[in-house]
Amino acid sequence: MNCLATTIIITCKPTLISDMAVAIDPFSDKFPYFNRSSQRCRLQSLTNLDFNFLAQSFNHTFEDDNIHRSVSSPCFSIAASANMEEDLKATTAPRIEILGGQRVPTVRALVAEVTMAMVSGAQPLLLPSGMGGAYLLQTGKGHNIAVAKPVDEEPLAFNNPKKSGNLMLGQPGMKHSIPVGETGIRELAAYLLDYQGFSGVPPTALVSISHVPFHVSDAFSFSSMPYKVASLQRFVGHDFDAGELGPGSFTATSVHRIGILDVRLLNLDRHAGNMLVKRCDKKEAYNRLGTAELVPIDHGLCLPECLDDPYFEWLNWPQALVPFSDTELDYISNLDPFKDAELLRTELHSLPESAIRVLVVCTVFLKQAAAAGLCLAEIGEKMTRDFSKGEESFSLLETLCTKAKASVFGKTSEDSDYSHEGNEVNTELQCGMFKFDGGDTPCEAEISEVFHVSKPPLVPRGPRANTIPNDVTASMSSSQNQRITHQEKSAKEKKRGGKQERCTVRSKSPPISPNHDESKGVSFVDMTTVEWDTFLQSFQTLLQDALSKGSTPRLGCSCEI
């Protein structure tokens, strides 16, 4: 039986079992709060994976006289364990179950620490900032441990404690491409994809928390909501956020590492408020140039289900114009988008395949753009939609994906003998194949214009500038492991009319508002595995051609610092 996660039942008397259950790995995490040799508390353990399996084992024991016990609990009483499931269900003490990230030691340690604090009487404190329900969890001595965000208390959700919405889970949320209730799993995805803590995402878990006084709407009784699913992120001590200081205080390395993560995940909400500021040297003042490090938090609005308009606060910062260092280029070149996709499929089963495909596309885009010598600001600009003369136009990334997708369906039609003669049908395939909201899909003439939109000049980086990563092409041949769930195969995109014009200043953190009328963007959910592989090959070719053409600086931008 798998013993990665066990439940530690704390008892102070041989015949009494307390109401507390802690999910940890006693073999690797070295839980610091108890001494196994202590006579004050006796620890009993049992596997906490499947109570049905335990019940079946006990029935088998009584019927066949075949004693079945876990090797981790040789002294466990069969009589006591027979009622263990009922005892744990009947308890009113706080319990936490890890739903995602249980294989990561830092996640298990975080959950164990939070659980012990809560069973000792610590109460979650609702933070006044933000639009959603975020709770600060502390130890009995008042030390900050983590921040919990229940998914049903997200902005616009029906159980929001700040009365900012009444939407049910699964409806379009703050961004139409991310449904209500699905930000928590994206918080965990960002942590899992931040390999070796390169960007500094704090340890994050997806948990189920029961019998904890979170907010409950008047329309629901607590008895009907015994537990809540929430993201749990370790608290990071800080004095400011990036919005309280000028960008000149931050190191270029810190900005680059956050930007690399944002590009990979297509972060739709990287504003100054979710970048915490820490000093590199406590003796240095914050106002000195390049002395502060940034810690990224709040990744619930990343990995959208279709291409959307990202918001990168760092886009106009001077650090984003500095070329990538060799260390950063090596990190980017070693990224494997298909390995990342398989990781998310394995660890996060409920994350839609369409969101995983967005990760693959954005990672391929990042790798080729960095290899071509583009700086972070140039890459971010090519992923961001342009707003001029009262109209919003697609980004270069969206335009390339539109052309690649059109070529895929064009070839599919020819292979299926459904194609017709003449250029009229070809134009129809390119202009009417995709479902966009609030406007018509740009036709070939409009698409070609995007390749001539002025952009900052390329930054030469020696031999790297003329090489396109070969691992992307090689990985495409092995992309047969891409899977499409039954739900996604039957999903149908719904059109929403109208286009909402935005007049926000991109250098400031914009207020988030529901974007149900925005253009829906390019979606990859309607492609089969074969079509997806063909799309990636076409997309890589189009991207290589677009990057090789170069461009002139856009008005208001310069790569000189």
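Quick reminder: no glycine exception, Cβ is built from N, Cα and C everywhere.
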One of D194, D298, D308 listed by Swiss-Prot as binding ATP at the site of P128, S129, G130, M131, G132, G133, A134, K149, Q233, R234, F235, V236: D298
Contacting positions for the region 'G-loop' (127-133) when only residues 6+ beyond its ends and CB under 8 Å are counted: 147, 149-150, 153-155, 157, 159-162, 164, 214-215, 512
Site with most surrounding Cβ atoms, counting all protein chains shown within 10 Å, from the binding-site residues P128, G130: G130
Arithmetic mean of per-residue pLDDT over the region 'Activation loop' (296-322): 96
Counts by DSSP class (helix H/G/I, strand E/B, coil) across the region 'G-loop' (127-133): 0 helix, 0 strand, 7 coil
Distance in Å spanning the most remote Cα pair of P128, S129, G130, M131, G132, G133, A134, K149, Q233, R234, F235, V236, D298, given for ATP: 20
Other C-beta atoms that fall within 10 angstroms of the C-beta of G132 (ATP binding site): 23
